[in-house]
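Copied from TrEMBL, the annotated features are:
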COMPBIAS  1-13  compositional bias 'Basic and acidic residues'
REGION    1-46  region 'Disordered'
DOMAIN    10-73  domain 'BZIP'
COMPBIAS  33-42  compositional bias 'Basic and acidic residues'
Amino acid sequence: AYVFQSHEEDDRKVRRREKNRVAAQRSRKKQTQKADKLHEEYESLEQENTSLRREIGKLTDEMKHLSEVLKDHEKICPLLHCTMNFVTVPRPDALASCLPR
């Protein structure tokens, strides 16, 4: 009976060890998948960040350009140089000369 019980305990230990090994494998696989997913997310966010920085650069350049265009236009704008502007309604022809064609 003693030998039988020892053999049974050995079987239980082997099964427990196998179960533990499988659980550890599963856990490592899950960690690896989580790390891979985080890495993919990081890469995606880096690309989006680069794209947004590029867009900021373009928009900043456009804003500078439009500010210069406005500044140049203000120098010659008849609506801004009319001394009676604050009293009278701008003439349609004067307004038309300020609008882009």
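Glycine is no exception: its Cβ is also placed from the backbone N, Cα and C atoms.
Secondary structure of the compositional bias 'Basic and acidic residues' (33-42) per DSSP (helix as H, G, I; strand as E, B; remaining residues coil): 10 helix, 0 strand, 0 coil. Taken together, the residues of the domain 'BZIP' (10-73) have an average pLDDT of 97. Taken residue by residue, the region 'Disordered' (1-46) breaks down under DSSP into 45 helix, 0 strand, 1 coil.
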